[in-house]
Amino acid sequence: MAGLNVSIAFFFLVLGTCEALRRLSKRLLAPGLLGCLAAELAGSLQLCSSCLELRMLLEIGPWGGLGPDVVLTLLFLLFAIHTACANGAAANPTISLQEFLLFECGSVATVAKLLVQCVGAGMGWALTKLYWSWELTQLHLIQNLMASECSSSIHTSPHIGALVEAACSFFFHLILLRLRRSPAVCRVPVLAATVTFLTYVAMPATGAFFNPALATASTFLCAGSSLRDYIQVYWLGPLTGMLAALLLYQGNIPRFFQKNLLYGQKSKYKIPKTRVTHAEDGDPSAGSSSGVEHFVHPSLQCQSWGGN
């Protein structure tokens with residue numbers, strides 16, 4: 001349990017440092033692109049550092065008496081805290097690209113976000129490596145011994161791995177799109193539970209990153225897979241899943257297609273049907289020679305009330 005206590009202290013230290021960075025950037029930087037980039041940097045650093053420590057606990061923790069249930073519980077709590085404190089930051093390239101495709105962010109800002117997210121993930125990797133080098137617990141000692149010969153997280157063929165990452169990204173983005181306008185009290189736990197479940201299911205195959213920046217910092221330097229395989233699984237896979245989720249949810253990809261490709265556009269108002277009445281001889285109710293009585297929508301009637 002001593003190793004777990006040290007890891008929890010590390011989580012709090014990272015969270016406090018990143019939260020201080022977010023608050024400081026709010027005071028020093030004007031709201032806009034620079035403030036957004038500072039939030040992305042802090043969010044990516046926090047997410048990468050926490051996930052690397054969690055991976056260490058998941059891989060080496062059983063030797064110290066820590067089961068997967070403990071690690072998954074920590075994952076749920078940490079992702080919930082990360083989502084609640086993110087201050088609008090995505091810390092995930094596929095989310096930033098999704099915002100770009102929805103016309104919520106410009107091209108220059110999107111490219112800047114992607115670069116900052118990769119820099120933040122790299123900083124998180126360097127910070128965690130430094131923390132491990134202190135060897136505060138036996139788990140960190142074992143991690144240092146294994147770090148020089150780390151193996152790839154892809155434990156299946158690249159095609160299956162890309163499909164797994166695409167499926168994880170698809171379900172994550174589909175739920176994210178559904179809850180993006182929901183209050184935080186509903187959105188945060190649902191997203192955290194989704195990430196925890198997807199990680200539990202896909203961890204044996206690919207490590208369940210479905211975040212290209214996080215995967216790049218975590219496993220691209222490990223031997224066992226080529227750079228092409230890494231790009232196919234951890235970049236093209238999540239990107240494909242995001243595009244599929246956006247297409248299914250929106251019916252189109254707004255940046256590329258204006259027309260809805262999947263769902264028919266329904267009119268806001270229903271067109272009223274006309275009722276045909278037959279005029280009878282001597283019937284004073286027959287208002288016109290055509291015998292057709294028209295029903296006009298109330299919104300159209302309002303336009304004629306002020307005519308005279």
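Glycine is no exception: its Cβ is also placed from the backbone N, Cα and C atoms.
TrEMBL: automatically predicted annotations, no manual curation.
Feature annotations, courtesy of TrEMBL:
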SIGNAL    1-20  signal peptide
TRANSMEM  70-89  transmembrane segment
TRANSMEM  101-127  transmembrane segment
TRANSMEM  159-177  transmembrane segment
TRANSMEM  189-210  transmembrane segment
TRANSMEM  230-249  transmembrane segment
REGION    274-293  region 'Disordered'
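Most Cβ pairs under 8 Å with the transmembrane segment (101-127) belong to 230-249, among the candidate stretches 159-177, 189-210, 230-249. Contacts between the transmembrane segment (159-177) and the transmembrane segment (189-210): present, as 3 or more C-beta pairs lie under 8 angstroms, all at sequence separation of six or more.
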